[in-house]
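Feature annotations, reproduced from TrEMBL:
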{"type": "DOMAIN", "residues": "B:7-186", "note": "domain 'Guanylate kinase-like'"}
{"type": "BINDING", "residues": "B:Gly14, B:Pro15, B:Ser16, B:Gly17, B:Val18, B:Gly19, B:Lys20, B:Gly21", "note": "ATP binding site"}
There are 2 protein chains.
Amino acid sequence: MKLNERGLLVVISGPSGVGKGTVRRALFQMPHHDLVYSVSMTTRPPRPGEVEGVDYYFVDKETFLQRIKENKFLEWAEFVGNYYGTPRDKVDEQLDKGKEVVLEIEVEGALQVRKQMKEAVFIFLVPPGKKALYERLVSRGTESIDLINRRMKKAESEFLLAHKYDYIVVNDDVNNAADRIMAIIRAEHAKTERTIHNYIKMIGEK
Amino acid sequence: MKLNERGLLVVISGPSGVGKGTVRRALFQMPHHDLVYSVSMTTRPPRPGEVEGVDYYFVDKETFLQRIKENKFLEWAEFVGNYYGTPRDKVDEQLDKGKEVVLEIEVEGALQVRKQMKEAVFIFLVPPGKKALYERLVSRGTESIDLINRRMKKAESEFLLAHKYDYIVVNDDVNNAADRIMAIIRAEHAKTERTIHNYIKMIGEK
């Protein structure tokens, strides 16, 4: 029996290179969940095989800029000439259906969302230490030492933003981290501020 | 990896007859937990088979009253001439060891603890409706209709104290309720306010 029927917006963020994507994928592979992934809107043209509404919502620049004006994004950013954003209406639609909408996002975007949506749950995913992060970046094997050092520098400034989040989850093991996030989602649904309304209704009935 | 090493004081409370004891027992039967039960102190003489430090800490009335004066109880009450209380030092000892100390307690006592220990987690266990509570009280088969009606009346005033708790958990199914409580414990350990101290230490290390 669910006292909170509305889904949660779950924002998974954290320093560059911490493994947000890996943890998010592990989360979606867990049994019995009601998670959906938040699909971004973009002005970037679709790549072969990309499906409208699954990979992205594809729109032209004019539409995107108009939506920015109308405050229809929870967050947005421009990246090498293209716009990317999280459409508020699509997120709301899923939350109303009782789905947990998962947003995996960089620190800067997460803090934009925080301003727009107080009731979302903000999770800061962190490595079990700086050394672990460095090793993870190196082991990818795809980036130059110079780029890795720049990423580490960026991560170090992002490390200091943890206090802006509701929860800190250590990504020591990907399944552990996913388990903890699932526990956070269950617990948040039981929070008094989210349940009291329906609880009062329930005890009012004969 | 645990960023919060101190255990949690988990207060499970709720209206009379909701099934606190049953849920607590289900909780302790779950695998891989670090739960300990808070042992009360009492002036009541031990019954045959009761073990000091396991069932109760048995003390004389003078000791008990002295401890009240020294603010050494998280809560206490007198019941048919005997005193019962939750000794603060014993709870702290377990929390320091990283144990989650579970306190299963009536509403009045829980609200006393709330004043003494802000960092504890307060869970309000509720029946899935008034009718369900009534049926549960009747099905016990041990109480007169008159007593059941008095219990229902007490429960109705206790129902209104839900907003003083952090979480509301519906006892629709005992294992469900225990699962939710376990999720709450895991989530609370990840809360930023409990983890930030060790997190800052962790990222400060090379």
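Each residue, glycine too, has its Cβ placed from N, Cα and C.
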Legend entry - Site of maximum Cβ density within 10 Å, from binding-site residues B:Gly14, B:Gly17, B:Gly21: B:Gly14
Legend entry - Beyond the site residues B:Gly14, B:Pro15, B:Ser16, B:Gly17, B:Val18, B:Gly19, B:Lys20, B:Gly21: chain residues whose C-beta lies within 8 Å of the centroid, for ATP: B:Leu125, B:Pro127, B:Asn171
Inset, instruction - Check each residue in the chain of B:Val18 (ATP binding site) that is at least six apart in sequence and keep those whose C-beta is under 8 Å from its C-beta; list them in sequence order. - result: B:Leu125, B:Val126, B:Pro127, B:Leu133, B:Arg136, B:Ala155, B:Asn171
Legend entry - Cβ-based proximity (under 8 Å) of the binding-site residues B:Gly14, B:Gly17, B:Val18, B:Gly19, B:Lys20 to chain A, or none: none
Inset, instruction - Which residue among the binding-site residues B:Pro15, B:Gly19 has the fewest other Cβ atoms within 10 Å of its Cβ, if you could check? - result: B:Gly19
Inset, instruction - Tell me the Cβ neighbour count for B:Ser16 (ATP binding site), meaning other Cβ atoms within 10 Å of its Cβ, over all protein chains shown. - result: 17
Legend entry - All-chain count of other Cβ atoms within 10 Å of B:Lys20 (ATP binding site): 20
